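Worksheet for the structure shown next.
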Amino acid sequence: MLGAMPTFEDMAVGNCAPWLKTNCSSKVGGVNVGWGAIRIGLYHKHMKRWLDNFPMEQIHIVDGERLVTHPALEVSQTERFLGLEPVVKAEHFGVDPVKKFPCVRRPDGSLHCLGKTKGRKHPYVRAEVLQRLRRFYAPENQKFFRMINRSLAW
């Protein structure tokens, strides 16, 4: 029996082998690069496949952080990219009073918010683990930013 599921920290930078039998043998900078939750953040690898088939001018990147902090601005950029008449305004959004996460305001004024699993708090991660992950992702993110001709604040 495997026991309790390991923490995010153990899976990301620790010994994930007892839990994850496959893809747990390679580390780069102390990060378990075989773990899917780490690989999914290598955006340049995913973006390359899109750019193999479509020019960058046909791809719009939504800044997820800005979508949370300034949803109307981010949606209006998407409207412009798509050549749509701008209709989305700040008053079309509200904030979930419990999760403090943006919601869409219905015509009757009520809020339509994301489901229970969305907008939740992330687990605590020790500073040294965050630093290791930042060091690992920094060059990977730079590759992505060069591909999209844009820098994002993460």
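A Cβ is built for glycine as well, from the same backbone N, Cα and C atoms used for every other residue.
Because TrEMBL annotations are produced automatically, they should be read as predictions rather than curated entries.
Per TrEMBL, the feature domain 'Sulfotransferase' maps to 36-140.
Feature annotation from TrEMBL assigns disulfide bond to C103-C113. Its Cβ placed at the centre, C103 (disulfide bond) has 18 other Cβ atoms within 10 Å.
Residues or ranges marked as 3'-phosphoadenylyl sulfate binding site in TrEMBL: K118, G119, R120, K121, H122. Around the Cβ of H122 (3'-phosphoadenylyl sulfate binding site), the number of neighbouring Cβ atoms within 10 Å comes to 6.
One residue stands out among the binding-site residues R120, K121 for having the most other Cβ atoms within 10 Å of its Cβ: R120. For K118 (3'-phosphoadenylyl sulfate binding site), the count of additional Cβ atoms within 10 Å of its Cβ stands at 10 [all protein chains shown]. Distance between Cα atoms for H122 (3'-phosphoadenylyl sulfate binding site) and C103 (disulfide bond): 19 Å, as a whole number.
Following the DSSP three-state reduction, the secondary structure of H122 (3'-phosphoadenylyl sulfate binding site) is coil. On a Cα basis, C103 (disulfide bond) lies 16 Å away from K121 (3'-phosphoadenylyl sulfate binding site).
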